[in-house]
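Pulled from TrEMBL, these are the features on record:
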- 20-43: transmembrane segment (TRANSMEM)
- 63-81: transmembrane segment (TRANSMEM)
- 93-115: transmembrane segment (TRANSMEM)
- 121-144: transmembrane segment (TRANSMEM)
- 156-174: transmembrane segment (TRANSMEM)
- 180-198: transmembrane segment (TRANSMEM)
Amino acid sequence: MSSPGSGIFNGFTKLCKGLAVILVGGHIVVQLLPVSVTYLALIPARTIPFGWNLITAGYIEQSVHGVVISTLGLLFMGKLLEPVWGSKEFLKFIFIINFLTSVCVFVTAIALYYVTMEEKYLYMPISGFHGVLTGFLVGIKQILPDQELHLLKIKVKWLPSLVLLLSIAISFFTHESATYLPTLIFGTYIGWIYLRYLQRKPESKLRGDPSEEFAFSTFFPEFLRPIVDPIASIFHRMLCGKSEISSDSQGYTLGGAPLLGSDPIEASRRRERGARALEERLAAEKLVTGRNSEEAHIDASDRV
């Protein structure tokens, strides 16, 4: 018989369970065959010719706590995001964020080597799913920005920023920060770039989310936004060309024509779908918990 608190562990999707098996399996492989880290993890000096490690590195956790955090993060955040995005888009997001994050980390490691001439940046094995996890946090920020975490008393929209801030603070007291900090930073930024400009919406045939609530400056406190916005606009023009705000509901325009994904109504609908999916999941878990409690009560009565 299920325990009363088992509802929280229900509702994991088949895709997330399959990916969790891959993470656990990858961890077991590197524990049983340590030499496999050389071929599966991202080691910048060996990426050429072992180019496949740009993909495999993201699914290899070298530590026990790493595989536990990654597996739980995948299952619980996937349970929220996959119903909203769909399985195909969810898997596509994971692949793109994992691959592009690895590419950026590889370039960063090479640059650090040429700046410092320290070979450790070329031969350190970098791996882990944490870049995708921070990308997931950006996705949750997009669909449930005002949802409050009761334990921490903060809104979900601040989670990506807090994770990065905490990671940067910890990096001052550890010698291994180069193995995880660039992955977390690039995972967050590339996750935002993809959701902001590239993610296709099949129901509306639009791309991205140009809403003000998902602007790059929303990752920063209010008093820093006047500084961040002009810098962010440079990158926006690089991605979208010269844009101006339309006075109608079309959002961004380019030479009078609306940009792809420039529908604020669609962004609002996306957040509504996310909130609805969360409410339905919480209701289902509450129903399961109540049913289990009732079964436990009936079972106890029968024994008496």
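Positions of Cβ are set from backbone N, Cα and C atoms, glycine also.
TrEMBL: automatically predicted annotations, no manual curation.
Quick caveat, the model's predicted, so the values are computed rather than measured.
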Seg_contact(the transmembrane segment (20-43), the transmembrane segment (180-198)) with at least 3 CB pairs under 8 angstroms, min sep 6: no
Dominant neighbour of the transmembrane segment (63-81) in 93-115, 121-144, 180-198, by Cβ pairs under 8 Å: 121-144
Spatial neighbours of the transmembrane segment (156-174) far in sequence, C-beta under 8 Å, 6+ residues away: 134, 137-138, 140-141, 144-149, 180-181, 184-185, 188, 218-220
